[in-house]
C-alpha cells in the first residue's frame with residue numbers, strides 16, 4: 001500500500017452560517033465538524049494529515065492541537081490555492097492524497113478507505129468521490145466516457161440540458177497521486193468570474209495530459225453532505241444522531257424515543273441500559289450495563305456504574321458507582337465521586353465531594369467540598385457550609401454518622417464515626433465519634449401567651 005496523506009480544507013469563512021463562530025467549529029452531536037473529519041482520517045493511520053487554515057486559524061489549532069500539521073492560506077483564493085499551501089509539507093513525496101472538506105462531518109473512515117483503495121486499484125492519477133442524487137440541481141455533474149472513467153466535471157450553470165439529466169454528482173472529495181496533484185496545481189489558472197484557483201480544474205489538467213481519472217460512487221449519499229448553513233447543520237445533526245443511536249441499539253441498548261435522545265460519538269453505553277427521551281449523553285461519558293437514564297437527564301464526561309439509575313438530573317465530570325440512584329432533580333457537579341449503593345434524591349446538589357457506599361441524601365441537601373464515609377444519612381435540609389465568601393473549606397463526615405434535618409455543618413469541620421447531629425443544629429466544632437451534638441436554641445413555651453396578648 002502506498003503512503004497515504006490527507007489535506008483537510010478548513011480555511012473558508014463560511015458567511016452563509018451567519019455566525020461569529022468559525023464555520024468548521026460549529027458542532028454536530030457535541031463535536032466541531034472539523035474534529036469529526038480529523039477523527040475519521042486519524043482512524044486510518046495516515047502518514048500525515050495537513051489542515052488548511054485561514055479564518056479563525058488560532059481557534060482551529062486550539063481545537064485540533066498537535067494531531068495534525070497546519071498550512072496557512074492567508075488569502076482565500078479558491079480550493080486549488082488552498083491545497084497548494086500543503087506543498088511545503090507534502091510536495092515531492094510519493095503516495096496518495098485525499099482532499100476533504102472540513103464541513104463534511106458525516107463522512108466515515110470506511111468510505112474514505114474505500115475511495116483510496118479504489119484509486120490505488122485503478123492506478124488512477126485522480127479519483128472523484130461521487131454520489132447519485134434524485135435532485136442534482138446545483139451540483140457539478142460527472143460525465144463519464146465509454147470506459148466508465150471521468151471525462152469531465154460540468155458545473156450546473158455550464159451544463160447542457162442533456163447533461164443536466166445526469167444524476168451522478170461531484171461531492172467535493174478527491175483522491176490524487178500526490179506528485180501529480182502538486183504538479184497540476186501549479187498549472188491551475190484563475191481566469192474565471194471570481195478570480196480564484198479551483199481544485200476541480202486539476203481534473204481537467206490531468207485529462208488533457210492523458211492521465212486516468214476514475215470515479216468512486218458511494219451508496220451512502222448522506223455522508224457527502226456539506227454544511228454551509230444552519231439548515232444543513234441541523235440535517236447533519238439528525239443524520240449523525242440517528243447513526244449513533246442505531247449503532248447502540250444494535251449492541252443491546254434500548255432507546256425509548258431515539259429521535260429525542262442525544263449521544264456523543266465518544267460515549268460508551270453498556271448492554272441492557274434503557275434511555276428515556278430528553279436524555280443527553282455528552283463528551284467521553286461511559287455508561288455501564290443495565291442502567292436507567294432519564295427522562296430529561298444530562299450526563300457529560302462522566303462514568304456511570306452498572307445498574308445505576310439517573311432520572312431527570314445532571315451529572316458532569318464525575319464518577320458514579322454501581323446500583324446508585326440519582327434524582328429526580330439532582331445535580332452532581334464536577335470532581336465528585338459517588339460510590340456504590342448510594343442514594344442521591346430530589347433537589348440534592350453534590351459538588352467536588354466523595355460519598356461512601358450506602359450513604360443517603362434523599363432530599364433538599366447541599367454537599368460541597370466534603371468527604372463522606374459509608375452509610376451516612378443526610379436528612380432533609382442538610383447543608384455543608386463550605387464557603388466563607390473567599391475560601392472553600394472541607395467537611396469530613398465519617399462512617400455511620402446521621403445528620404438531622406435542617407442542619408448546617410460549618411466547614412472546616414469533622415463529624416466523627418457514628419455521631420448524631422440533632423435536627424436544626426448549626427455545627428461549628430468537630431463532633432466526636434458516637435456523640436450526640438445539639439447546637440440550637442432551647443425551646444421555650446409560654447402558656448396562654450396568645451390569649452393574654454389579645455385581651
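In case you wondered, yes, glycine gets a Cβ from its N, Cα and C as well.
On a predicted model such as this, the values are computed, not experimentally measured, just so you know.
Database features (Swiss-Prot):
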type	residues	note
ACT_SITE	363	active site, proton acceptor
BINDING	9-12, 23, 73, 78-79, 140, 155, 170, 228, 333, 351, 366, 377	UDP-N-acetyl-alpha-D-glucosamine binding site
BINDING	386, 387, 423, 440	acetyl-CoA binding site
REGION	1-230	region 'Pyrophosphorylase'
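A C-beta separation below 8 Å, combined with a sequence spacing of at least six in one chain, links residue 170 (UDP-N-acetyl-alpha-D-glucosamine binding site) to 128, 130, 139, 140, 141, 142, 153, 200. When secondary structure is read from DSSP and collapsed to three states, residue 9 (UDP-N-acetyl-alpha-D-glucosamine binding site) falls in the strand class.
Counting every protein chain shown, the number of other Cβ atoms lying within 10 Å of the Cβ of residue 423 (acetyl-CoA binding site) is 15. Calculated from their C-alpha atoms, the gap between residue 366 (UDP-N-acetyl-alpha-D-glucosamine binding site) and residue 386 (acetyl-CoA binding site) amounts to 10 Å. For the binding site of acetyl-CoA, formed by 386, 387, 423, 440 according to the record, the largest Cα to Cα distance is 22 Å, rounded to a whole number. A separation of roughly 41 Å, to the nearest angstrom, links the Cα atoms of residue 387 (acetyl-CoA binding site) and residue 23 (UDP-N-acetyl-alpha-D-glucosamine binding site).
Between the recorded positions 23, 333, 363, 440, 23 has the most other Cβ atoms inside 10 Å of its own Cβ, all protein chains included. A sphere of 10 angstroms centred on the C-beta of residue 78 (UDP-N-acetyl-alpha-D-glucosamine binding site) encloses 20 other C-beta atoms. Each residue in the region 'Pyrophosphorylase' (1-230) has a pLDDT score, and their mean in this model is 94. The sparsest Cβ neighbourhood within 10 Å, among the listed binding-site residues (11, 140, 387), is found at 387. Note on proximity: of the recorded positions 363, 386, 423, 440, the one nearest residue 9 (UDP-N-acetyl-alpha-D-glucosamine binding site) is 386, by Cα distance. In the three-state DSSP reading, the residue listed as 'active site, proton acceptor' counts as strand. Most Cβ neighbours within 10 Å among the binding-site residues 9, 366, 386: this distinction goes to 9.
Of all the recorded positions listed here (23, 78, 333, 363), 333 has the Cα closest to the Cα of residue 386 (acetyl-CoA binding site).
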